[in-house]
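Trainee: Quick one: the structure is below, questions incoming.
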Amino acid sequence: MSKKVQAKQGTDDLVMLPKVSEDEICENLKKRYMNDFIYTNIGPVLISVNPFRNLNNSGPDFIEAYRGKHAQEVPPHVYQLAESAYRAMKNDQENQCVIISGESGAGKTEAAKLIMGYVSAISGSTEKVEYVKHVILESNPLLEAFGNAKTLRNNNSSRFGKYFEIQFDKAGDPVGGKIYNYLLEKSRVVYQNPGERNFHIFYQLLAGASAQEKRDYVLSSPESYYYLNQSQCYTVDGINDVSDYAEVRQAMDTIGLTAQEQSDIIRIVACVLHIGNIYFIEDDKGNAAIYDPNALELAASMLCIDSATLQNAILFRVINTGGAGGAGNRRSTYNVPQNVEQANGTRDALARTIYDRMFSWLVERVNQSLSYYKSPYQNVIGILDIFGFEIFEKNGFEQFCINFVNEKLQQFFIELTLKAEQEEYVREGIKWEPIKYFNNQIVCDLIEGKSPPGIFSLLDDICSTLHAQSTGTDQKFLEKMAGIYDGHLHWRGMTGAFAIKHYAGEVTYEAEGFSDKNKDTLFFDLIEAIQCSKMPFLASLFNEDTGSLQKKRPTTAGFKIKTSAGELMKALSQCTPHYIRCIKPNETKKAKDWENSRVKHQVQYLGLLENVRVRRAGFAYRNTFDKVLKRYKKLSSKTWGIWGEWKGDAIEGCKTIFQDMNLEAGQWQLGKTKVFIRHPETVFLLEEALDKKDFDCTAKIQKAFRNWKAKKHSLEQRAQIAHMFKDKKERQRNSIDRKFTSDYIDFENQFGLQEAMQNAHKKERVVFADTVIKIDRRAKQKNYEMVLTDQALYFVEKSIKKKVLVHTLIRRVGLREIKGVSISTLSDNVIVFHLPEHDQVIENDKKTEIIIVLVEYFKAIGGGSLNVQFSDRINYTLKKGEQKEISFQKSEQCPTLVVKKGGKGLIGTIASGLPSSTDSTPKNYNPNSMSQASSRPAPQQSAGRGRGMPQGAGQPQPQQPQQQQRPMPQPQQGGGARPMPQPQQGGGARPMGAPQQGGAPQQGAGRQLPQPTQQGGAPGGRGAPMGRGAPGGGPAGAGGRPLPTVAKPAPQPSRPTAKALYDYDASSTDELSFKEGDIIFIVQKDNGGWTQGELKSGQKGWAPTNYLQYN
């Protein structure tokens, strides 16, 4: 980025700021925010500023732009961090987690959804994987509907904490997951501050329910329900409750909820609303009474319980006194009436608990769907989306718990990014300048400590000792805190409240309600009333044994949140963390509105300045010696030998790699147990080199496979045309063993030809190209370029015009328009194409290849079987429909075709060829085998690890001790492969096995001897055996060895033997396949590096000598 652009848009990594201060950080974030660059890095930490509008900077196109890219290659983005986490999980095979922090409304939930979307998009697509992806993505709208709400600071505020673990298999595909939910804000069910809403699902149901649902659940407008009308806020800008309800129902289907389960959930949501409409008045005794019996009846009917049972559970509290029924003890039960305030509290407790338990069931149901296939998993990526730090005008127990969890997360961040990093430098002996920072451990101890007791412990003690009291407990709690914490730097007492100086600022908490909310108990008579419900789903949510519960000390809300926070920290500590620090730029929730004081406050309490200083002074990457060696050992030939192992010390291995990569000494340091790399660009360099290494190796393997596949296909084509021509056409000797090459005119570089064809090759695949001889009606001949693609047949004329070579397209015929082809039964090379309008007569010595390729692609395009006629009198059509005939005759005086006018058109004369009964099927063609290898030239070996393998030699080999290196035959002076002995004078080489019947033996193809790589070792990269004549072949050329004249007799037990040092898979029918350790009887040896041997099974063949150890 240029200085001019940076001055306008800001730098995308705060580590690169020229000056480092909180003001400079804020100014840089503002520049980027105003230019719609909402993401900024601090090294690996991502800062995200909520734009409060859609910037269209996510989705499939952006995902593709970040897929597989290193962080230094692409601009900051949530996708960048997600790619880093996913890559680290796959490469290091270690659990990862993404911790998203920031205050309410800063954009944490959206960041979490982007991560889940990215991981789903870049992973595999099997049926099971796609199912898990859908559940992961559809769980978001479902849980948001039941767990999110509009608050004063955020229109879609998460009112619960969620830690989502996505489980991956070894291939990096999601195969399952698990959601952990924390601290649902139950109090919102029954009360909301002015300008806020209850959970989204209530408004979605009332707006989007069908007419039938509204009748079944007796639904009306939000204004009709006490639990919704207290805040006078029913709609939200940018939220469509009708469409959101449809999305929720779709998500329920995707998750796999049955129709009955969906109906039960919607019924419970309606139940909560109807419970809230039960109002109370005071009777003449001062006790609570039902104001409207119809409201009670409606709520009871929705709960599927008797109205009298519900009424008694709300208006009376059952109190048991006395012993447990033993001798001398009497147990008494009393129904104590409640006043209006107590009845309201009981009603609200019932509604809160029903909704809370239904939400917990929903989370567990999503987990069941995620583990539907019960697939084993290798690693996880955890995504933490939890409520942000909250400071309101009036803060209570809920804010205290929320802020405690955020305090723990801040401590976790400090421990891993500031404190632990600096301590590690000292521990490893790395030169380092300490950076000062605020450690909030003191605040965490204040809240959860044991000695001295923390605030949660004091609150639990108050609730335990004063459990029977309902008044005065909050004041006792304040007094007890004052006695212990008076003078504490981060606690301050005041009338009816106390203040804590958190990392994000001082928050004042109203003590009223702390004790009751911490008890978090539901009266047992209420539980027993719900257990009477005739709705099985509702009753299952309250399946506890109330009798045994009464004997236990109840668990407090404070204890639960402390335990949950501890478990969360433990889960996070088992992962490699990645951080997203979300910033809310304003309170108006408007785009382009920047409140500098608010942003600066967040920059301060998030510790961004200290984070920048640590990153500038520290090292971008560190890892243990063995992991660095394992990751980068391919980058040095010394650490990446033929077996891929390094026998030396891990420290020396790391040094070797860095030195061979020419890394400057100042870019890296070696600690006591780890390697430290200073700049991310250096890591990027290593990763890029690693990718290139892998790409090069992959490309070689792919090329070898493509070559093998092409040659196999060529063999199949030759076998097919041999079958087609057998007993129908005489053959020319030089065409019997001719290999198919497809392109004989270097089409890729014939730009004039391509242009004449209107660049058809960009849309069509060229499958044959050559120069042909066009024969016209007067027997005149002219050269054309003929190109056959998978779609059409092209004829192009070349001519010189004004000293310039010009290509002119004569005609293009679609393959499906071809009516057929005709050829004679003699040995000529004439082909007559029967085409629309007029036919085309050509001569070309690759006629067999042309016809078989045309037959193949004619069928592939849907034309069926091409009509191929054999006749010595062929009728063909000229322009304007004139009919002509070309006839063929033999004359031994015409070794090449002679065409003259005569008869009804043209007469072609040619000498006799090989008999039509000649079988031209390739000798090494086996229709039942994939190994058609002996006709293939052996691939060349590459430097480094061996490539270029014969058929069957490419499988991974077991590791061998270095002392068992395979001996490599030494080349003779003069370089190159060692030449084989020349054939004996006076005739061809001896045939393999029994003498071949008939005439002179045919020329054989040489084969290259398997060679170990220069490092020695495994045959994993061996080539094919060198320079030996093919089976049944004639004289070997230069480098060939003399073949035996007759087959040798069966081996006798007294003959010498050899032991196989390595596995070998034969690449032709005359070679011998064997396994390491096999005993081979020696038949004969030659000087060309081959030994003829026989296994105990009687199988005989040739084996490379350097694979054997003679006994």
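Backbone N, Cα and C atoms are what each Cβ position is placed from, and that goes for glycine too.
According to Swiss-Prot, the protein carries these features:
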- Gly102, Glu103, Ser104, Gly105, Ala106, Gly107, Lys108, Thr109: ATP binding site (BINDING)
- 914-928: compositional bias 'Polar residues' (COMPBIAS)
- 929-944: compositional bias 'Low complexity' (COMPBIAS)
- 952-967: compositional bias 'Low complexity' (COMPBIAS)
- 991-1012: compositional bias 'Low complexity' (COMPBIAS)
- 1017-1040: compositional bias 'Gly residues' (COMPBIAS)
- 1053-1111: domain 'SH3' (DOMAIN)
- Ser332: phosphoserine (MOD_RES)
- 547-627: region 'Actin-binding' (REGION)
- 910-1058: region 'Disordered' (REGION)
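Any idea what these are sitting next to in the structure?
Mentor: When secondary structure is read from DSSP and collapsed to three states, Lys108 (ATP binding site) falls in the helix class.
Here the domain 'SH3' (1053-1111) returns a mean pLDDT of 83 for the predicted model.
Counting Cβ atoms from all protein chains shown, Ser332 (phosphoserine) has 9 others lying within 10 Å of its own Cβ.
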Trainee: Around the Cβ of Ala106 (ATP binding site), how many other Cβ atoms lie within 10 Å? Please give the count over every shown protein chain.
Mentor: 25
Trainee: Enter the number of other CB atoms within 10 angstroms of the CB of Thr109 (ATP binding site).
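Mentor: For Thr109 (ATP binding site), the 10 Å Cβ neighbour count is 23.
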Trainee: Can you tell me how far the Cα of Ser104 (ATP binding site) sits from the Cα of Ser332 (phosphoserine), in Å?
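Mentor: Rounded to a whole number, the Cα-Cα distance is 50 Å.
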Trainee: Can you count helix, strand and coil residues in the domain 'SH3' (1053-1111) using DSSP?
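Mentor: Residue counts for the domain 'SH3' (1053-1111) by secondary structure: 3 helix, 27 strand, 29 coil.
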Trainee: Helix, strand or coil by DSSP: which one applies to Ser332 (phosphoserine)?
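Mentor: In the DSSP reduction, Ser332 (phosphoserine) maps to strand.
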Trainee: Most Cβ neighbours within 10 Å: which of the binding-site residues Ser104, Lys108 is it?
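Mentor: For the binding-site residues Ser104, Lys108, the Cβ with the most other Cβ atoms within 10 Å is Lys108.
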Trainee: I'd like the per-state residue tally for the region 'Actin-binding' (547-627) from DSSP, helix first, then strand, then coil.
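Mentor: The counts are 43 helix, 12 strand, 26 coil.
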Trainee: Roughly how many Å lie between the Cα atoms of Ala106 (ATP binding site) and Ser332 (phosphoserine), rounded to a whole value?
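Mentor: Here the two Cα atoms lie 55 Å apart.
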Trainee: Provide, as an integer number of angstrom, the distance between the C-alpha atoms of Ser332 (phosphoserine) and Gly102 (ATP binding site).
Mentor: 53
Trainee: Taking the centroid of the Cβ atoms of Gly102, Glu103, Ser104, Gly105, Ala106, Gly107, Lys108, Thr109 (ATP site), which other same-chain residues have Cβ within 8 Å of it?
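Mentor: Surrounding the site, in chain order, are Asn50, Asn154, Ser157, Gly388, Cys582, Lys584.
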